[in-house]
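Okay, so here's the structure we're looking at.
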Amino acid sequence: MVSGDMDGSSFAKKAFDPWRLRCKHIHRQGIRLDRQRPASGRSELPNQGFIYKKHYSPNIDEQLNMSKESSGKGFLRRGSSGIWIKRNSSKDKVKDIEREDSETRLAKRARLQSRVSITLKDLKNFQPEKHDAKFFASGRDFASVYTNHQYTTEEKEILSKYDSLDYLPSHSEVYREWLKELPARLDWDRWVMMAFIGFSVGVTGFMLHQITHLIAEVKWHYAEKFVIDSHVKAYLWVLGYSLVFASLAASTVAYLYPSAAGSGIPEIIGFLNGTAIRYVLNFKAFIVKFFSCACAVGSGMPVGPEGPMIHMGGIIGSGLSQCKSRTFRCTLPFFERFRNPEDRRNFTSAGAGAGVAAAFSSPVGGLLFAMEEVSSFWSDKMSWMTFFCCMVATFTADFFNTAFGSFKIGKNFGLFQTDKYILFQVTKGIPVNVIMFIPAVALGVLGGLLGSAFTIMNVKICRTRIKLTEHVIKKPLLQKTVSFLEPILITVIFTTISVYLPIAFDCKANVCPSNATYAAAHRPTLHPLDPHRHKRAGFFESEHSYDDKKHLYVDPSDPMFDQIRDVCNNSKFTYKVEPNLPHLGCKISNNIKGAYTNKSLDHNGHTYHFNDFNEISVLLNVPGADAIRHLFSRQTHLQFDYIPLLVVFPIYFIMACWAAGSSVSSGFVVPMLFIGGVYGRIVGRAAVDIFGETSEDDYWRWVDPGAFALIGAASFFGGVSRLTMSLTVIMIELTNDVLFLLPIMVTIMVSKWVADYITHPLYHSLLELKCMPFLPNEPVIVDNKQTVINLEQYQAQEVMASPVCTIKTVESVKELAQLLTETDHGGFPVVTHDKETDHYVSYGIIGRTELYIILCSKSISSAADSQSEVLVSPKLTYQEVSQVKGTLDLGEVFDSLNSLANDQRYQHVHVNLSPFINKSAPNIDQNFSLHRTYLVFRTLGLRHLTVVDRNNRVVGMITRKDLMGYNLEKKLDVHGRNKASKEEREEKLRMINGREMEL
């Protein structure tokens, strides 16, 4: 802070202040030094040191002790009254300056760059602490939602490098001038932008769906042909084909753009919560994300495209609304008024919701997902606009899907068929019985347990991957190669299992009339006609010829009856199955000559198909979405036996969990629905064996394995993600089964309650794994007795960072440059002199980036040659100050600031900061409720929150990291690690408030 006052053009000669160099040792986030000296500018105390006035906070003693221990001699010293802090002698000051001057410029540059640059190496290169090495360590991966995640020291260092973002733009004079220049509109342009975003996301979803379907279709089409000649030949084709696309998916991520790995949902959640995450919304990320996801899903890896669609939707929403690209370094002269942080984040939220809508054909689900999961700030207006965006995205994707199938033009252009419009169409509804809520609850418990296990295993695999990659392999190129080879290994293992595992299981035979009314959907087994119960209707029986198990009867006198009966009775399958099921891996049938073929038998103008199918192939040798359709199929009670389901479940569970964190762009949704559908089908099959199949009795028709598979999928999805409203709507829109709304709601709620007691939601766990700061809706702080702490009993001053360095509205260019080079704080409180109280009071706040731009402006450099005191008021617009964030070359910035700090000519050049100060930055009193402080901070989407005393003097600063759960527990000492009683804490607060009254 500049010594002395400055009014108008009257300037006092000021010397270099070495105390500025000590700002960085006080606190990494809150920054304030409120200095007071006599009018002469020199101290009257011995040794001619500087005197600094300090307002106490409860943690100041700890800060002073830490500072004393770190310096060795104690550069801060508290007087007998506890109010004044005195610097050491001048000799110590000279040593401090020499010690600072000995630091190389290269080290300073690296430190400056490290505060805003989070690389993959930063996220991986840390040594595990003792509590991290324990597999079941509390507060790590095994932490309920009522327990805050405990970060290691190295993880806290990574976490501290992330900057935060303000939700609202800085309300400065240049911002208000910029608003005046904008044309007046009635928000019609916002609706137009929402339509553009929805259309673009819909086209992206359509292209991704067509490409993945085409890749998978070609693979399995030729596999069925090659398997007739040789099973090895079919295996080599499937393996080679899959490896080609898996290699493309992994190479683009591992070598070109590692930020595109995974689903991208945690990064979108973190960004919309207010954390600055670099490269997440980059156009390169979109290209790599799309290409890698299409190749990974098409190759047959146990992954899905829905997560990347959400990420790509967010990228589209952010990019289109800003009408500029840093990748191509171009800016279009359209929609300029959307180039502010509030609109950018709102359009990003809408794009993410549109991604869900396009992926699931679920416009309402997309809206609720954006509101419930990804967005931290919401309004009624946002609801309407996001709903409109999701509607456009869904319509666009479905409209183009009606015209094309694997990029082949169809004949039903504009016809929204249910098999394309509804991904997992349930063709036959089943009445819900109250008894069904019992298995729904049981599946909910199972989903919560298995969903928690999936989350924990996935995080553990990610941690193991990080440790092995970073600590075993040191060379960056070799690390990338290992990351590239991991998806290849997954593909080899999963493909081998998918092709050869079906051979270990017998196939099931099935016979059906190809042109009968029920042929396409029923695939019934034929039995002798009972003449006492049914009348003949030709060779095929009418609908009334089906008994309670849907058996189709045939007249025994028919000459072809024996051949049909022999084929039919060769199988234990007594219920109908779906048509055209995969038969890859089937052995040679005793009744049908020729391996892996479907032989036809013509009789009386009708065709009978003797079709073998393999249960393992039905689940593993088809795309994931098709396998889910088979699991959800109704009235196919015995289509899957216990053993195949029990064998497939652990294999897919482990492989999906492993693949989810590898170096490909992939999502979790398809694996979650598949895994839940498998164990739901197992429970449903058990119910059939217990109660029997009574499809003609409405009271017991709910005993259907397909219905149980749907509920199981919802339970596992809920146990992993902890979504409630959006997941319920998505499941209904996916299946068109409104009758099962209540059972789905029950199982989702139960799975969430169970999983909440075991671990954090998957996406939040990944945020913690990546050390991205995140503030949940409300903080949950518990003590050693697992009692929830009421934060209304605490005050803001108990967690604020103090003391704080402040700057004034007019400052020396040299000292501002020194402040920026020697500290890494993201914002600085601005104070102004109050003549009535003779104090410096809070005036606003200014960001670090704004100071960068101001000091690097041409008006500053042109004033350096002046021999007298100069006051410079840079003529910069709001766009020039704010729109360059993220495009600064930190190396060039450091060189410029370093030259300004070392050039004595800039000591008498002063800059007027008033036009760039955010004068609407909120302040709170130091006695303000901590719980309400948290709500204010998160609701307004703040980056900094200034804490003032009763006289409006700055006494502290609160940032995002100060309000994170682990930090609140530490500062409030809720676990009693400092052995401080509640009475002692209250007495200390009374002493602090008493000293404040004296001041």
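Here the Cβ of each residue, glycine as well, is placed from N, Cα and C on the backbone.
TrEMBL labels come from automatic prediction, so no person has curated them.
Per TrEMBL, the feature transmembrane segment maps to 191-215 (among others). Packing against the transmembrane segment (191-215) from elsewhere in the chain are residues 245, 290, 293-295, 297-299, 305, 308-309, 312-313, 316-317, 320-321, 335, 338, 347, 350-351, 354-355, 357-359, 385-386, 388-397, 399-401, 404-407, 623: each is 6 or more residues past its ends and has a CB under 8 Å from a CB in it.
Among the features that TrEMBL reports, transmembrane segment is placed at 235-258 (among others). Residues 120, 215, 218-220, 222-223, 226, 279, 284-285, 288, 291-296, 298-301, 480-481, 483-488, 490-492, 495-496, 498-500, 662-665 of the same chain, all 6+ positions outside the transmembrane segment (235-258), place their C-beta atoms under 8 angstroms from a C-beta of that stretch.
Outside the transmembrane segment (347-370) by six or more residues, the chain places 193-194, 197-198, 201-202, 204-206, 268, 271-272, 281, 305-306, 309-318, 320-321, 338, 382-383, 385-387, 389-394, 396-398, 421-423, 669, 723, 725-727, 729-730, 733-734 with a CB less than 8 A from a CB of the stretch. If you look up TrEMBL, you'll see 347-370 (among others) marked as transmembrane segment.
What TrEMBL lists as transmembrane segment is 382-404 (among others).
Same-chain neighbours of the transmembrane segment (434-457): 141-142, 653-654, 657, 672, 675-676, 679-680, 683, 687, 702, 708, 711-712, 714-720, 742-743, 746-755, 758-762, 765, counting only residues six or more beyond its ends whose CB sits under 8 Å from a CB of the stretch. Marked as transmembrane segment by TrEMBL: 434-457 (among others).
Residues 231, 234-235, 238-239, 242-243, 246-247, 249-251, 254-255, 296, 299-302, 465, 584-587, 614-617, 620-621, 643-644, 647, 651, 655, 658-659, 662-664 of the same chain lie 6+ residues outside the transmembrane segment (484-505) yet bring a C-beta within less than 8 angstroms of a C-beta in it. What TrEMBL lists as transmembrane segment is 484-505 (among others).
Annotated transmembrane segment per TrEMBL: 642-661 (among others), in sequence order. Long-range contacts of the transmembrane segment (642-661) within its own chain (CB-CB distance under 8 A, at least 6 residues past either end) are made by residues 262-263, 301-303, 450, 454, 457-458, 461-462, 465, 487, 490, 493-494, 497, 501, 505, 615-616, 619-620, 668, 671, 674-675, 678-679, 681-682, 685.
The feature transmembrane segment is assigned by TrEMBL to 708-731 (among others).
Positions annotated as transmembrane segment by TrEMBL: 738-755 (among others).
Panel annotation: around the transmembrane segment (382-404), residues 190-191, 194-195, 197-199, 201-203, 205-206, 209-210, 313, 317, 346, 349-351, 353-358, 361-364, 366-367, 370-371, 375, 410, 412-417, 420-421 of the same chain, lying at least six beyond its termini, place a Cβ under 8 Å from a Cβ of the stretch.
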